[in-house]
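Read through the structure below, which is laid out as structure tokens, and then see the notes.
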Amino acid sequence: MIVSMQDKGEALLSKCSKGFKSLVRRKQVDSVHVRREGHQLARKLTALDLTAIGVGTTIGAGVYVLVGTVAREHTGPALTVSFLIAGLAAALSAFCYAELASRCPSAGSAYHYTYICIGESVAWLIGWSLFLEYTIGGAAIARGISPNIALFLGGEGNLPAFLVRHTIPQLGVVVDPCAAILVLIVTFLLCAGIKESSLVQTIVTTLNVCALLFIIVAGGYLACKTGWVGYELHGGFFPFGLNGMLAGSAIVFFSYIGFDAVTGAAEETKRPLRDLPLGIGMTLTLCCILYMLVSVVIVGLVPYYALNPDTPISSAFSANGMQWAAYIVTAGAVTALCASLMGSLLPQPRLLMAMARDGLLPAFFSDISTRTHVPVKSTVTTGMLAAVLAFFMDVSELSGMVSVGTLLAFTVVAISILILRYAPPEEVPLPSSLQQFIDSVRKQLDDDSQSMERKEFNDVDIVEQSPSQSDHGEASIQYPLIEKQFSEGNQDKQNPQRRRNIAVWNIALFCIGVLVLTSAASAEYLPSLVRFSLGTVGAAILLCSLVVLACLNQDEARHSFGHTGGFLCPFVPFLPAACILINAYLLMSLGVGTWIRVSIWLIMGALVYISYGWRHSSLTNAVYVPMAYLDHIYRASSSHQV
């Protein structure tokens, strides 16, 4: 009876252990060894195309509204500095994305990187969050286009009747046919092919940039004529102080969200190792320069307290006798929204395709058109869903959920950089169909290793032949070089694994410290003493773990991880650590209502994963082998096929 209960307990423990391991199983970086079945995405994009996608996605209509609200309530004339600080903060994430994009240039962006570096369950939650972000983001952008089109035409009365918003009396829902039609048009463009859609994106983005350049040049000319009255104030350059300027930086940080859309087109890039980091860098640099120049001009034209919070740029020109400029500003806002809509809907089908390839979603989403070489089924599905949302729902209240998805992705990408540098995966999954080659190569390499050990043992056999030298201490005196070689060999085998364990624990402790510190900093409802105590503990854990990581050597296996020769993130571990800290603070600063809605969505995602993804994962029956065996196994399998 006792034996039977022990067996049941061991079986249960084994099953739990296997279940936990399946949650953290990691997939292999796509490489020359991986041959995907079916048709491939077309590699047609250049660095210029990627920059157009990134800039178009990043510069939305927010800049046309944001400058007025932030300047009036937080920064005053220091708005330019806030944009600069926010741009530098976004650059931390951009550096991390650039390295992972060049090492792992496949569709899926943050989901793909998380699956490789952290594990399947976390990757699923990131993919699930990004799916929500792209859907709600696209619907929200589409709902914002129709009022701007109406404003450009002189009012809603000038819109065709079938495009005008109207209310369904029985439901009390305001429907927006114009938004839904725009989403369907963009969906059709994305189905036509990546080169065709990127060409349209480039044209629309160019028009948007030209509108911003008009604002900068014409506004600068007016400001020079009027003497830059916005800067001649008694309150000085920082009327709200340093805290106001930093609060403004936290708000305008979200205007840089969108550069990660570049990595969504990784599989369609001609030279990913060069073009992906270049596209990310050019996107962020161009956006930061444009934001800063626009803010310099607008807060110089009109005193910050006189800016219109709804139409700050148009009202600034109108106040200086250029009412006609409002048409150009409105046209710029429309083109900005159209470019952002295309940028929001582009990565989503590729994300679904990547998740379907990994077995976490039905294979339906992984189909690629033989004619256009794009995932048409995924594109149509996501486009229809976004169109329905844009038609029926005002999703502005859910916009905070978009920020959660993006910030979670930024955070796990930075954590992935730390894992890649200090504890990259030692084993890779292979299909069970290669089991015979795996066993053959493992046996061959083990035999070679044993024969090598016997050879080394015979070379020093004289140590054992003399009774007077049987003592370990005497042997070390008689043959010091032999003893040194043995001790160094053992150290080489033990130290790397020990160093990896230390690195993994300190990465985990650093994340815990960040969580405690940012939670204490944002928990205004707690007593000051409790917040200070928690913050101190979190800061101590954070700093100690960061110091240990800085003192550790990075893993040598990082050089051969993924595709080599691309961009490398500088200042590791400090830059990824700063990225994690900033993004975690912004996450914790979001409202409780947002987190409740996000939690419900993530719980739904966990249920979908348990019921489908976990059971159908392509890694369910995978065999994990050491990285050193990989080339031998593929060589053996290819020679067998020949």
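Glycine too: its Cβ is placed from the backbone N, Cα and C atoms.
According to TrEMBL, the features are:
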DOMAIN    567-617  domain 'Cationic amino acid transporter C-terminal'
TRANSMEM  45-67  transmembrane segment
TRANSMEM  79-98  transmembrane segment
TRANSMEM  110-131  transmembrane segment
TRANSMEM  168-191  transmembrane segment
TRANSMEM  203-223  transmembrane segment
TRANSMEM  280-304  transmembrane segment
TRANSMEM  324-346  transmembrane segment
TRANSMEM  374-392  transmembrane segment
TRANSMEM  398-420  transmembrane segment
TRANSMEM  529-552  transmembrane segment
TRANSMEM  564-588  transmembrane segment
TRANSMEM  594-612  transmembrane segment
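Most Cβ pairs under 8 A with the transmembrane segment (168-191) among the ranges 79-98, 203-223, 374-392 are made by 374-392. Contacts between the transmembrane segment (398-420) and the transmembrane segment (45-67): absent, as fewer than 3 C-beta pairs lie under 8 angstroms at sequence separation of six or more. For the transmembrane segment (110-131), the residues of the chain that approach it from at least six positions outside its boundaries are 22-29, 100, 104, 260, 263, 347-348, 351-352, 354-355, 358, 360, 404-405, 408-410, 412-413, 415-416, 419-420, 424-425, 562, 598, 601-602, 605-606, 608-609, 613-614, 617, 619, judged by C-beta separation under 8 angstroms. Among residues of the same chain six or more beyond the transmembrane segment (374-392), those with a C-beta under 8 A of the stretch's C-beta atoms are 41-42, 134-136, 138-139, 142-143, 173, 175-177, 179-180, 182-184, 186-187, 190-191, 193-194, 345, 348-350, 352-353, 356, 364-368.
Looking at the domain 'Cationic amino acid transporter C-terminal' (567-617) alone, the prediction's average pLDDT is 92. Away from its own ends, the transmembrane segment (324-346) comes close to residues 53-61, 63-64, 134, 137-138, 141-142, 144-145, 148-149, 151-152, 182-183, 186-187, 189-190, 197, 200-201, 204-205, 207-208, 210-212, 214-215, 218, 258, 261, 264-265, 311, 313-314, 317-318, 379, 382-383, 386 of its chain (Cβ-Cβ under 8 Å, at least six residues beyond either end).
When DSSP labels each residue, the domain 'Cationic amino acid transporter C-terminal' (567-617) comes out as 41 helix, 0 strand, 10 coil, counted as helix, strand and coil in that order.
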